[in-house]
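Q: So that we are looking at the same thing, I have put the structure below in structure tokens.
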Amino acid sequence: MEADESGISLPSGPDGRKRRVSYFYEPTIGDYYYGQGHPMKPHRIRMAHSLIIHYHLHRRLEISRPSLADASDIGRFHSPEYVDFLASVSPESMGDPSAARNLRRFNVGEDCPVFDGLFDFCRASAGGSIGAAVKLNRQDADIAINWGGGLHHAKKSEASGFCYVNDIVLGILELLKMFKRVLYIDIDVHHGDGVEEAFYTTDRVMTVSFHKFGDFFPGTGHIRDVGAEKGKYYALNVPLNDGMDDESFRSLFRPLIQKVMEVYQPEAVVLQCGADSLSGDRLGCFNLSVKGHADCLRFLRSYNVPLMVLGGGGYTIRNVARCWCYETAVAVGVEPDNKLPYNEYFEYFGPDYTLHVDPSPMENLNTPKDMERIRNTLLEQLSGLIHAPSVQFQHTPPVNRVLDEPEDDMETRPKPRIWSGTATYESDSDDDDKPLHGYSCRGGATTDRDSTGEDEMDDDNPEPDVNPPSS
């Protein structure tokens, strides 16, 4: 195949057929701001989009601006009271006497702060994932991408882990209108708890999560958590340790997913590509390269099953942009040049100005013995599944409605935290070389400072450089 400006063409797959790729992007997504010092920065999506454009990948994409999901769309999963709260809360309303009680009730305020435009941000994220599902349902695309989605921690009636609305659950519910079985795969460093919980009692959705397990947010995803009732054995959890590298990850991902595809035979697949599993992430503990991360997408693409690709975590924002740009290239079937094209954020990718970065020399605490034990345990679990469970087609698919807790309990019970509010960036900067103050991977949030030194960049939302370099 001929190469073009976007890179070297790749084989489309075992069938030799090119993939039609739909790409959802909301131009205002980078304007939303969680607040000073907060690790979650929607601006990373704009940076990824800039790379996608400058690599000319847009020429191979059908680009759509998502329709904003409305309250009724979001209410297909989330409780009416919670949706009403998200629609009405604002920084200006925080002085209302009832605000403090509702913030506690819905777990909003620290990990998940109230910021300007919060509900529109949620509507854009959810609208992109629902729109991606509609494209797949109508057979208008083979792969549908929404890097603004993948917010996997949100629950029916509460925010969690920087996530307010679970766009993934909403997208899967849309897919279930047309597809009998949907496979959800999560490669974020954090367990995909919100999605697993939503579908824990049904066999129409199988959830598979590869994540750091132990003293780490959200503290769920034990290998023995396998689902319940009709969904028993349709939740697969792959608990991992610090330092997971490309070779180790691939040695688990490929055989396990191959077995899942063989046994479950999904009619559609959703892949959450949280980039906090990359080497050097500020909140992550793994050591994956961009290519190692993208190998998961490459493997799933080869099956030629309708595929939704979503974003997720990722807090070293220049590496998030690199990763999601490269994975967009994998989706369309090209291998882009490692040398970055000049773009608005070019200086943020220094000093190497390359698409790929080397993993760190950190120790891989996942021993061969542990890996073999996990692989054998999960393959045995998969061997016991009924092949391709048949279901009566339902226009309203089953969603696990977790029992509402008494409001007093909701206000007082401790909530897990993904990030301590006392842990901040150096001078609230976006210098990706520096970890979060007060954050330690193995123990989660701490109060000790992890690094010292002056910052190279002091902008929470990096400003694009509109002036090209002089020749």
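Backbone N, Cα and C define each Cβ position, glycine as well.
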Q: Say Swiss-Prot lists ASP188, HIS190 as binding Zn(2+): which of ASP111, ASP116, ASP120, ASP276 is in the same site, per that record?
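A: Swiss-Prot names ASP276 for this Zn(2+) site.
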Q: Over the region 'Histone deacetylase' (20-333), work out the mean pLDDT and round it to an integer.
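A: Reported value for the region 'Histone deacetylase' (20-333) is a mean pLDDT of 98.
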Q: May I ask which residues of the same chain, at least 6 positions away in sequence, place their Cβ under 8 angstroms from the Cβ of ASP276 (Zn(2+) binding site)?
A: ASP188, VAL189, HIS190, LEU283, GLY284, GLY312, GLY313, GLY314, TYR315
